[in-house]
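Chemist: Mind having a look at this structure? Questions to follow.
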Amino acid sequence: MGKITPSLSILAVGSGLRSEDSELALIVHRSTRAIDNARLLILWHRLFSRLASKLARSRLTDSSSFYQQPTMATEETTYDIIFAGSGAAACVTAGRLAAADPTLKILVLEAGAHTRDLDHHVRPGNYFSNLLVPRDVFSFHLGQGGKGTNGRTHIVPTGRALGGGSAVNFVMYVRPAASDYDDWENVHRNKGWGSKDLIPLLRKAETYQPDPSAPTHGFNGPLKISFAQDSHNVSDEALRVAQAYEKEYKAVDDFSNFSGDSINGWTRLPRWIDAKTGRRSDTAHYYIYNQDHNKNLEVQTRRKVARVIFEGNRAVGVEHVDDVVGRSKGVPESRISRASRLVVLSAGAFGSPAILERSGIGAASVLEKCGIKQLVDLPGVGDKYTDHNVVFVPYHASEDAETMDSLFRATPEEAKVHSKQWLEFGSGLLANNGINSGIKLRPTEEDLKSMSPEFDDRWATFFANTPDKPVMVLANLSGYFGANPAVPRGNHLTAGYYSCYPISTGHVHITSATDLYSHMDFKPGFLEHPADVAILRWTYKRSRELTRRMKYYRGEVEICHPQYPAGSLAACNRTDGPVDIDAPPLAYTKEDDDAIDEYHRQNIETTWHSIGTCAMKPREKGGVVDSRLNVYGVQNLKVADCSITPSNVSANTYSTAVAIGEKAAVIIAEDLGIKGVTAGPT
Ligand SMILES: Cc1cc2nc3c(=O)[nH]c(=O)nc-3n(C[C@H](O)[C@H](O)[C@H](O)COP(=O)(O)OP(=O)(O)OC[C@H]3O[C@@H](n4cnc5c(N)ncnc54)[C@H](O)[C@@H]3O)c2cc1C
């Protein structure tokens, strides 16, 4: 088991880990309520060290049973449709179907808890403290280190609450390239899944407050998108510097308009926030909670789905257990709920393949190890785990910089001020995410030379002929977005960047037929290809040149940058101000480049964009579902969440989850003869 570093992505412990780990986390949580977040970080650091050694001792084996065998299960009501997992996509699909036909009996089962009107879900700025404090709103997936990241262990969180990731994510609104969806249709042979089909559905889902009449955006959908009420001065400065320094790059109004023209254009970044209320635009509130009147739409939270029940090869229901009892190592009551028309797996990129495998659908080698009788041989289940690779690189900022630091590391008194402002006006740092401006980057000829030879082949075979595909997304963030307690308090700027289409992928499989809480055999597969490392090096240098020209810049946070060799001209510095806009770029030697690569191997983490583990592809190509979302080899069983993505998208993945949710509603309505689910805005 590799080293665990205190990076942002592992900043929480709880539901996905064993109960004793959660208890450990709770002790820290309880004992730190009265102190500020800086002290909290130190305690977390200690907790992680303990956890790392506990996890290192744990084995990936079937240790105990958390649910009773199917014969012991009690039977429940019969529904028309059952959703197993109710995250970002599922709430959209279930909500649309329920609204179209209120007589449909729909059961939504969710392992996490309700989110309705809870501050830590509806206030967007809480996303950071949700990761800090173990509120039980995440599942944590422990990934084996690989050679790409020096054998480091990775912990990949996913949302665990009604609304899933949409209830806890960073509210970054980014849409992919049109060609990403066109690849789904043309390369992976999924008729009806091209950009011409999905863009109208995305328009239907949203109200784009910055400009409701903008082409490709929506004007009366349930999810509100805005620039948030308050902008930070560092945001305007980042855009000013970008244009003054990188004169060949333009400014664009919107890089999420599916136009190739927005590539290499700097823009302000919109967020999944309603500017009028300052609330998060999650799918639970805007597709499910607004349908209280519909008693046929039944939501059961804290229910973990174990497996699908089949009669022959026809799915007729699911077996599920009390999630709270299960995690406390009790033996929860097992229940079977029956579905007369359809079972939909929508438990995300970890949950859906796990349910399939526990139900006997997957690779023989995986099922045999767990003693599960195979129902359908589908080697693609849990395969090709895909993510983006992100890093947040911090810089010191001057006192007049407006940043999220005073919220992220707030004392209880400071926190009260932010809460009051949000409550009274729906504004302030809690109505923001501090992720202000960004660019979708493609390299120039000159840039390509700097990445040669590692990136040559990838460029030629994947990017060169698809001009709307960016290589990286780079964003300017206000504040320190990390968890290293050694980083001093004060204001910070951060350059955050992720690679849009990393070549290396991983896998995720169950390790037990009966223990729903055993760690999965999960390999994220980060940075195993040299091309994936070369593009990070290029982006690091570029973002550093921009940041050190911003008037708020006060030097690099040295401990969070590459450790350059002694005497390096690229060494990090604390300074009193920026360099001149026309200052020459820093010169990097081969040794400096090696230090940057090592830095990325040590620091790259999940972008929380887990996708691809039940791919919608032809069966012979490793597919798990067809283009009607039907699981191959069985009947009445579909998958509808980000696990079905057949190839990566050049964007944060909530948009794609919404597109999949809307498309699934259209498909299910067509299949079941339900009227009133439209394929675009009305
Ligand atoms: C910390 C974080 C930050 C992110 N930031 C952004 C961002 O800023 N912008 C963006 O666009 N995207 C972001 N994302 C990604 C985005 O939220 C996800 O891509 C999206 O939520 C995936 O949707 P989904 O429906 O596939 O799965 P999820 O939303 O993960 O939903 C799956 C649901 O199924 C439940 N479940 C799992 N197993 C079971 C089971 N056995 N039984 C019952 N229920 C089960 C889970 O609890 C969960 O609620 C972020 C994600 C995270 C975790």
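Including glycine, each Cβ sits where the backbone N, Cα and C put it.
As annotated by TrEMBL, FAD binding site applies to VAL305, TRP608, HIS609. Among the features that TrEMBL reports, domain 'Glucose-methanol-choline oxidoreductase N-terminal' is placed at 159-182, 348-362.
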Chemist: Could you give the residue numbers and ranges of same-chain residues that sit at least 6 residues beyond the domain 'Glucose-methanol-choline oxidoreductase N-terminal' (348-362) on either side and whose C-beta is under 8 angstroms from one of its C-beta atoms?
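Modeler: Those are 84-85, 87, 111, 139, 141, 158-159, 164-165, 305-308, 310, 318, 370, 372-376, 378-379, 381-382, 385, 508-510, 513, 520, 522, 610-614, 624, 631, 633-634, 639, 641-643, in sequence order.
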Chemist: Suppose we draw a 10 Å sphere around the Cβ of HIS609 (FAD binding site). How many other Cβ atoms does it contain, all chains included?
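Modeler: Here the count is 26.
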Chemist: According to DSSP, does VAL305 (FAD binding site) fall in a helix, a strand, or coil?
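Modeler: For VAL305 (FAD binding site) - judged by DSSP and reduced to three states - the answer is strand.
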Chemist: If you count the other Cβ atoms within 10 Å of each Cβ, which of the binding-site residues VAL305, TRP608 comes out on top?
Modeler: VAL305
Chemist: Please state how far apart, in Å and to a whole number, the two most distant Cα atoms are among VAL305, TRP608, HIS609, the recorded FAD-binding residues.
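Modeler: Across VAL305, TRP608, HIS609, the two farthest Cα atoms sit 22 Å apart.
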